[in-house]
């Protein structure tokens, strides 16, 4: 498995709404993520800095990157664009993080 981590932002007034929309995520999106090899996917909120930290284990970069091309993912991005900084295609502004420590 490949571990990935990334940081995004959430609008300061949208913490509760961001969490509400993920409780639970759409079943169709969950199916897409699992079908594309995503496992143990978590998102953590730093409320003081309005930052979201995502951590996911994936089976392959190619399959993970293909998630973005699915209708379900694009629909999800559109659904979330009003609560977080997003690109013109509605994908969230995201920065990959480099792993510096891991304990199994």
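One-based numbering along the chain as shown.
Placed from the backbone N, Cα and C atoms, the Cβ positions cover glycine too.
Here the structure is a predicted model, which means the values were calculated and not measured.
Noted in Swiss-Prot for the protein shown:
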ACT_SITE  22  active site, proton donor
BINDING   18, 41, 76, 77  substrate binding site
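All features noted in Swiss-Prot, drawn onto the structure.
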| residue | record | DSSP class |
| --- | --- | --- |
| 18 | substrate binding site | helix |
| 41 | substrate binding site | strand |
| 76 | substrate binding site | helix |
Taking 8 Å from the centroid of the Cβ atoms of 18, 41, 76, 77 as the cut-off, which other residues in that chain fall inside it around the substrate site?
21, 22, 25, 29, 43, 79, 80, 92
